Every structure is written in C-alpha cells, then in structure tokens.
Amino acid sequence: MAKLTGMFSAAILLSMAICSTAIIYRGEHMSMYLNASSEFAVYPTDQSLVLVGHLLFLDGQRLPTTNYSGLIELIHYNYSSVCYTVIQTISYESCPRVANNAFRSCLHKTSKHYHDYFRVNASVETNVLLNITKPQPTDSGAYILRVKLDHAPTADVFGVSAFVYDLKSKTVPDPMPTTQTVEPTTSYVSTPTYDYTDDVTTETESTSTSTQQAMTSTQTPSATWGTQLTTELPTNETVVIGQEALLCHWFQPSTRVPTLYLHLLGRTGNLPEDVLLVEDSEFLRTTSPAHRPSASPADGDDFKQTNSTSLKARNKIVAMVVIPTACVLMLLLVVVGAIINGAVRKHLLSCASRRIYRSGQGGASAAERRRLTCGPTLAASSESLADDTTSSPPTPKPSKKTKLETDPLMEQLNRKLEAIKEES
C-alpha cells in the first residue's frame, strides 16, 4: 500500500512538472513571470543571450494610485570574484495601470548604463528581462533586478542566471559561487588614469581608526582595461573612488544575511553608485574613444538596435489604440452633428421645411395669404389643414372667357346677337 501511495505521489509530481510552463516569483509589491530562470550561450558562436519574461501584479498587489513610477536596478553578481555591480538603471515615470502588467505604456523612460556593461540590457516593457549582445565568459553570473516603486518603502528583488561557455578554452562557468576565501578588499575598477584621495575606514576588534590614502590608477593595455585595487575595507562597505570609477561590492554570506537577495532587500533607497551611471543617449552621442574603452561602435549599434524595441512597441500602441480611438470619436461627432442639425431644422426652421407658392390672382382672404406665406410643416395635423380649407374657399380658376371679353370683335358680335334677340 505504501508503495502504491509513493508511486501515485510521484505520478502527480511528474504530471505537475510536465504541465507547468512558467515560473512566477512573488514579491511584496509585484511579481515576475518567466519561462526559464536561466539561459546559456556558447562563446564565440552565439551572438545574443536573451531571457524572456515580464513583471506583473498579482492578487493583493494592487496599486493605491492610478499612475505610478519606479526604478529598476540591474545588478550583475560575478561568481568568480564574489562581488556585485550595478550595471544599468531604468527609471519609469507616469505609468498607468494596464490590467496586471507592470511598467507598460509609461509616459517617460530613462535608461543609464555603466560603460563596461553597455552590451547588457533589460527592457521589461517589451518582455525582455535580460539581453546580452555578443556574450562573453565574463558575462556569466547572476543578474538581479531590484525593483523600487516610488510609493513603496521597500524594494523587490528578482534574479536570473546566465552561463557563457568558452569552446576555445573548454571551460564551464561555475553554477554557484566558489568556496575559496576571497579577500573583501578586492575590487575591480575600470576607469581612465586619474589621481584621487579618499577616506577609508578600517575596523578592528578593538579600535576603529580612519586613515587617508592616496592612490593612482594607471590604465594598462589588458583586455579588460581594469586595474586591481587592494584596500582594507569592512564587509559590505560601499566605496566610490573618483568620479567615473565603479567598484565591485564584495559580499560574503553569513548567518544573519545568508544570500545576496536578502542583502539587497535589506538596503533602503537607491544604491549610491547609481549617480555614476551615464544616460544611454549621452553615451551614444559620445564620439571620443577615450570615454568608452571597452565598447566598440558595433556594440553601440547593437545596443541601439536592441533598445529600439521600445520605440517599436510605442508605435504599435499608437497604431492599435490612438488611431482607432480617433476614428470612433470622429464618427461620434458626425452622428451628434446630424442629430443637432435635424433638431434645429425641425423646431427652429419650420417655415423653411415646406413651402407652397401659388399665384395671387383673385380675391384671397387673410387666412389664405397667411397659410401661403408660412405653409404647414410636415408635422402639422390634418385638423389644422381642414380648418384652413373651410375658412378660406379655394380661389376659382381663371377661365379663358376673360380673355375673349377683352377682344373687340367678340364684343361686337355679342351686341349683334343681343339686338337680334330683342327684335325677335
């Protein structure tokens, strides 16, 4: 009996796994729908890596307002270096509530990038959670979408994974973070040559001292255009050096914060390095190669082509919604105008609706002249027409005799006939 019960349970689980076609991650304020939580690509064969899905509102996640705004931070967690970096921020403004979809038909969208990750993009309004153009092995890792609504005090965190396999070196990226000990002082900076001075706080078990250090980052001809900096920093310390540099924040799981998702959920507001990102439109207008060391013109063209989907979606919305609505409004205006015109003709221009003109010969009464001047309308009753007929008899038709009496020959003949009658 127990064996049959186990087989029946396994059959139910297998049928549920076969019938399930999507994954839904439920957050506090919104949720994420996707068909697969991870995707892989082969370097250098594959030209793109795309993860499809969208954000939505489930039951109990309804918005308190008709229009809302929000910010999405795309964060890359590198498995090899065990650190995370904010690579893109997308700001949506004045978004209406369209069914249960999130960030659809927004009035304004502003996208900003960190220049080393210009090939990596997210566009949730077009059902694209992650799009990597020409993926490389260094693009492997976890990509986290941190969604913050303006009216919500906390943020929601959703994650997907990307794996890029290198056929030349026959290496496979680790699906989980490495267990080796990584010093929390390791950060990677990709920036041109500059001098800066920053305050770094060093904490020990007994005392906490503040030291001021001067560092110089020199651009090297390496493939990553990066320089490894080593400073003594406490765990999860946010450090910004210079005006264009963006450090990779080291994260170490602990009993209090076991995962990176809980670490990002515990942070309030926007991440401080968001102000260092460059708007996409300004980045595309930049022609000097010194400002974009790792992005080629082909990458910019690919990114422009990828982000043009938002314009295509907006044009499709205009063609499907605005144009039919305008046609319906025009038809309604035509119908209303016809109704108003008929009412005016019926009630205000009754004299002009129907007139009968007759000759004025013979004696006509005042009632007849009034009837001829302003004839009865189409809506006049039969009784009013009968009253007009009885009050004024019809004018007799003029006979041809009147014309004969006016002839002198006929008058002479009439006189002769009368004389003959008198003589007889």
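Glycine residues also receive a Cβ, built from the backbone N, Cα and C atoms like all the rest.
Per Swiss-Prot, the features are:
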COMPBIAS  203-223  compositional bias 'Low complexity'
COMPBIAS  379-388  compositional bias 'Polar residues'
CARBOHYD  ASN35  N-linked glycosylation site
CARBOHYD  ASN67  N-linked glycosylation site
CARBOHYD  ASN78  N-linked glycosylation site
CARBOHYD  ASN121  N-linked glycosylation site
CARBOHYD  ASN131  N-linked glycosylation site
CARBOHYD  ASN236  N-linked glycosylation site
CARBOHYD  ASN307  N-linked glycosylation site
REGION    192-223  region 'Disordered'
REGION    287-306  region 'Disordered'
REGION    377-408  region 'Disordered'
SIGNAL    1-22  signal peptide
TOPO_DOM  23-319  topological domain 'Virion surface'
TOPO_DOM  341-424  topological domain 'Intravirion'
TRANSMEM  320-340  transmembrane segment
ASN131 (N-linked glycosylation site) versus glycosylation sites ASN35, ASN67, ASN78, ASN121 - nearest by Cα: ASN121
Students should find that the Cβ of ASN131 (N-linked glycosylation site) has, within 10 Å, a number of other Cβ atoms equal to 22
Which residues of the same chain, at least 6 positions away in sequence, have a Cβ lying under 8 Å from the Cβ of ASN35 (N-linked glycosylation site)? THR21, ALA22, ILE23, VAL52, GLY53
So which of the glycosylation sites is most packed in, judged by how many other Cβ atoms lie within 10 Å of its Cβ, out of ASN67, ASN78, ASN121? ASN121
About how far apart, in whole Å, are the alpha carbons (Cα) of ASN121 (N-linked glycosylation site) and ASN78 (N-linked glycosylation site)? 16
Roughly how many angstrom lie between the C-alpha atoms of ASN78 (N-linked glycosylation site) and ASN67 (N-linked glycosylation site)? 36
Sort ASN35 (N-linked glycosylation site) into helix, strand or coil using the DSSP assignment. coil
